[in-house]
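Lifted from Swiss-Prot, the feature list:
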type     : residues  : note
COILED   : 66-166    : coiled coil
COILED   : 408-534   : coiled coil
COILED   : 724-758   : coiled coil
COMPBIAS : 236-253   : compositional bias 'Polar residues'
COMPBIAS : 266-285   : compositional bias 'Polar residues'
COMPBIAS : 473-489   : compositional bias 'Basic and acidic residues'
COMPBIAS : 855-864   : compositional bias 'Polar residues'
COMPBIAS : 874-883   : compositional bias 'Acidic residues'
COMPBIAS : 894-903   : compositional bias 'Low complexity'
DOMAIN   : 7-95      : domain 'RH1'
DOMAIN   : 500-571   : domain 'RH2'
MOD_RES  : S109      : phosphoserine
MOD_RES  : S185      : phosphoserine
MOD_RES  : S238      : phosphoserine
MOD_RES  : S268      : phosphoserine
MOD_RES  : T292      : phosphothreonine
MOD_RES  : S332      : phosphoserine
MOD_RES  : T348      : phosphothreonine
MOD_RES  : T586      : phosphothreonine
MOD_RES  : S588      : phosphoserine
MOD_RES  : T595      : phosphothreonine
MOD_RES  : S705      : phosphoserine
MOD_RES  : T1264     : phosphothreonine
REGION   : 203-292   : region 'Disordered'
REGION   : 473-500   : region 'Disordered'
REGION   : 563-600   : region 'Disordered'
REGION   : 854-906   : region 'Disordered'
REGION   : 1239-1266 : region 'Disordered'
Amino acid sequence: MELEDGVVYQEEPGGSGAVMSERVSGLAGSIYREFERLIGRYDEEVVKELMPLVVAVLENLDSVFAQDQEHQVELELLRDDNEQLITQYEREKALRKHAEEKFIEFEDSQEQEKKDLQTRVESLESQTRQLELKAKNYADQISRLEEREAELKKEYNALHQRHTEMIHNYMEHLERTKLHQLSGSDQLESTAHSRIRKERPISLGIFPLPAGDGLLTPDAQKGGETPGSEQWKFQELSQPRSHTSLKVSNSPEPQKAVEQEDELSDVSQGGSKATTPASTANSDVATIPTDTPLKEENEGFVKVTDAPNKSEISKHIEVQVAQETRNVSTGSAENEEKSEVQAIIESTPELDMDKDLSGYKGSSTPTKGIENKAFDRNTESLFEELSSAGSGLIGDVDEGADLLGMGREVENLILENTQLLETKNALNIVKNDLIAKVDELTCEKDVLQGELEAVKQAKLKLEEKNRELEEELRKARAEAEDARQKAKDDDDSDIPTAQRKRFTRVEMARVLMERNQYKERLMELQEAVRWTEMIRASRENPAMQEKKRSSIWQFFSRLFSSSSNTTKKPEPPVNLKYNAPTSHVTPSVKKRSSTLSQLPGDKSKAFDFLSEETEASLASRREQKREQYRQVKAHVQKEDGRVQAFGWSLPQKYKQVTNGQGENKMKNLPVPVYLRPLDEKDTSMKLWCAVGVNLSGGKTRDGGSVVGASVFYKDVAGLDTEGSKQRSASQSSLDKLDQELKEQQKELKNQEELSSLVWICTSTHSATKVLIIDAVQPGNILDSFTVCNSHVLCIASVPGARETDYPAGEDLSESGQVDKASLCGSMTSNSSAETDSLLGGITVVGCSAEGVTGAATSPSTNGASPVMDKPPEMEAENSEVDENVPTAEEATEATEGNAGSAEDTVDISQTGVYTEHVFTDPLGVQIPEDLSPVYQSSNDSDAYKDQISVLPNEQDLVREEAQKMSSLLPTMWLGAQNGCLYVHSSVAQWRKCLHSIKLKDSILSIVHVKGIVLVALADGTLAIFHRGVDGQWDLSNYHLLDLGRPHHSIRCMTVVHDKVWCGYRNKIYVVQPKAMKIEKSFDAHPRKESQVRQLAWVGDGVWVSIRLDSTLRLYHAHTYQHLQDVDIEPYVSKMLGTGKLGFSFVRITALMVSCNRLWVGTGNGVIISIPLTETNKTSGVPGNRPGSVIRVYGDENSDKVTPGTFIPYCSMAHAQLCFHGHRDAVKFFVAVPGQVISPQSSSSGTDLTGDKAGPSAQEPGSQTPLKSMLVISGGEGYIDFRMGDEGGESELLGEDLPLEPSVTKAERSHLIVWQVMYGNE
């Protein structure tokens, strides 16, 4: 970008590349000419003192002018940034406006649809309300009609009762008159003796029945008042009245009359009768059929004329009794009585409405009628009463009776009653019309109210819509005003872009905040790249400023060409010192074409990892590292009162002790004895993991030792078994407890039986190799071979079979002691066909491994090729592994997400026995004979391979038997990132893979407990392997213990006594390997994202480290109590300087407890050793001190006890920092027994400069024997924090190392070995 003033890019004739502006160069030229004139006129001495001052002034002027140019460049960049931000803001604003318009249109359409649906709902609701109103009105009309019908029935019954009472009174009056008139007559005197007069017939006047009738006997015959010869003189009606049918005669419309009849009752063949209800309003005629045809012939018909209008009773009622031809003995008097009865019936209107003509039932109880209990008579039917009175009485009454006067009164009453009824009917009609009118008006009122409500709702909606339209109108006006303002602003195009006010302060603040967030995310990504590759920072190369500083001197040096040798070079100015995170813009020789190239240095370093690393960038990075370590060196060399000895920074307490105690303290310090790159030949090798070889074990269950083809037995084992028998026979519980405690202590000692051999897993881009070294002579690589193409993430040394191992076939539910029987007798086959598929959350997996039995007997030669040892399936799997894995820690973190992509994985949801045909046993692979010399000539390794097993030149039988029992002997287990598990022998034929299997996910950790190997997978499951019946490891049948869902990686495991602690996310699960169950789980950190990364156990405590955390946590091994927190970040910052150097953020990448010390390795290569304090120690060795507390812990699930040792507290006040460190993360610590320098060799107490330095001499009077341990740390690169990068390469401890360029040597994988002398306590 061309500026107004212009930047001159020019080259000096000497090629120095210095740049000077035109003004400064012009000034320099004029001063140069003036100086020439002065020298020509006077002498050089005149300007000799003036020259440095003028040069300094010109340099300052040039630097100021350069700064001015830089500021102008920055200003232009900021203007471009501002322009881009404004353009992006306008685009985003337009897009947002478009989206808001779309949203408004969609909202309007939705609102319209919603309104239509609401209108339909309201119309349906109004229709529903109208229908409900109509139904309600109809129901009201029905109820009113029912009430009216009930009222009419009540009025009818009342009139009927009144009419009956009037008739009764009238008949009584007639009887009294007749009896009074006929009381003196002779006829009555002669006939009075022949009958018994009754004042009144019994209620329900019942006819006497002939003897031949099958009907029931009435109540009147029970009284015995009527003799059989006088049966009321009513033999003319030979049938009872109940068998008489009243039929309508002389009716012009017989059909209509019959339709009006209501057949009220029937008489069955037995003579029973169902009666008419009392609520019947009409006076219906009852038709009573007869039982037999004979009775029908003898039946009398009474035909009653019934007019349509039942209220008119003034018509003639003719009753005609038809008699059939039969023998009757009836006199003329009786015929007269019959005609009188007919006349009375004719003048009695109630016979037209008689309901009780068929009132016989199976009993004498009346079924209907009004019964007057005071007179014990029937007050309803006059006909029944007269029928029972006899014809003589009626004849007596008829004589001299005047019926006309009373008949008129009755007719008048009936006529008046009829008129009243008509009036009432007319009123009822008017009333019903009015009620119907009221109903219609009510219905119309409800409909109008509904319409009014709908109109009100419509009015409210219209008002709301009106308000919305007004609001939209206001918004439209505001937008139009904004548009006018914007058009007015657009006219002011001469205003610069930075001064245009197009957005508010809030919007600008939001944009700036988003930019800052993006910057923070960019810096986080940059930090991640620094962690995974190396800590990067783009800093200016001081060489450019050196050249710029010397360019003016070059320009003016021509003045002193004759006296340049004698002129003293002035010191550089103070203001041009090196600035670490510089932000200067230095114009370079090459012309840069992009805007990014002119960004300041702190911006351009954010993008430097995207470009390829050139030699210049590597050089600048090394220069930056060198400057960083130079500042660390300056900080370390400050006098802070700490003691430096053997490469360690010790606390001040070592000064305060006496000479004897000081030597005793100094002798326990770790002394560095070896330091060198891991492999001189392969410089790209990266360290992953390492472990010391445990060569113990290889015993049968009764203590016998397995060597070659024969089995030898120890006498100690026999004594031990006899002692166990005696112990089991003993009844003393104290003896059992004592023996258990002794066994626990013996197992603790057995765990420390290691050899000095170390297996180190390294990887290149193509494959993973195993290097086997002896810690006593680390420079001599005993053997190296390739394992697989994937990264080996973990390695474990598994001892051989011991007599204390758990039996392989022991049931899971057993919790007793281990049976000391023979190996084969106590083990049962654990094949997939015989075990349960799921044991309480444990999945049993069975793999058919072809060639297992055949591989044990097939002889094979030594020195097998690593490629030949792998089956074809394994090679196919390993070839697909990603090779670009940054570092060990990040790669193991990445396995949680992407390790599940390996093929042929087993479905986790499938329960039951798995049958995996993935790998065959590599023992079955035949090895060519011509490869055997490779094995024999491999770095003099036979001396180490011959510790237990055989040499290549022994007999074939011995070799075969050794191969059979090789898995019974100590082995090495390697877990790869692709899920492959490899088992190699650790005693002989190291290259040969004895067993292998492909598991479901990446293998992150392997531990061994008493004949059980637990393998932690990245999917949150534990694979548990046991030995087979022959003592060899059976990888074809194993158990899977799921730690729960969701599945996450099991990052780390450690053995704590007889249990295994597993780090699973932020939790720690305690697993019992024998029972294969989870005993306890607790949180090691409150946040779920913080994963447990390392576990280290000693005594009764377990130290825990958390990912991306600098705090160590101590937990009790038995009670799981949180005991202590130790933060190492303040200590590291104090020892190595401020946080600008990248040392403030401390990640713990390696953790180990050894030699009564806690060894901590960090992500930036710092190694810290913290002595474990003895203040809280309960008992060192139980029972060796009188009066000391012996702590014993019991298991709540069994009667097992565990001896308490001590709790490994530590304090950062006693922490010791090692000046020997790595340039990148510390990958591992390994502690093995061994001694490089003798304890008698003494040194001057200064720091170590060669292999001959060592700890102070042991006192002759000290009686505690000292053990020597070698502690190995591995990591990328080496740095001495006291020396920085200047002499770090020259101080590598090793005598025969060839000198190589520091560019590659200082950044290779290095091993650092310390020797530690410590006592038994």
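Just so you know, the numbers here start at 1 and follow the chain as drawn.
Each Cβ is built from the backbone N, Cα and C atoms, and glycine gets one as well.
The Cβ neighbour count for S109 (phosphoserine), using a 10 Å radius and every protein chain shown, is 10. Under the DSSP three-state reduction, S109 (phosphoserine) is assigned to helix.
Across the domain 'RH1' (7-95), DSSP classifies residues as 71 helix, 0 strand, 18 coil. Confidence across the domain 'RH2' (500-571), taken as the mean pLDDT and rounded to a whole number, stands at 65. DSSP states for the compositional bias 'Basic and acidic residues' (473-489), grouped as helix (H, G, I), strand (E, B) and coil, give 17 helix, 0 strand, 0 coil.
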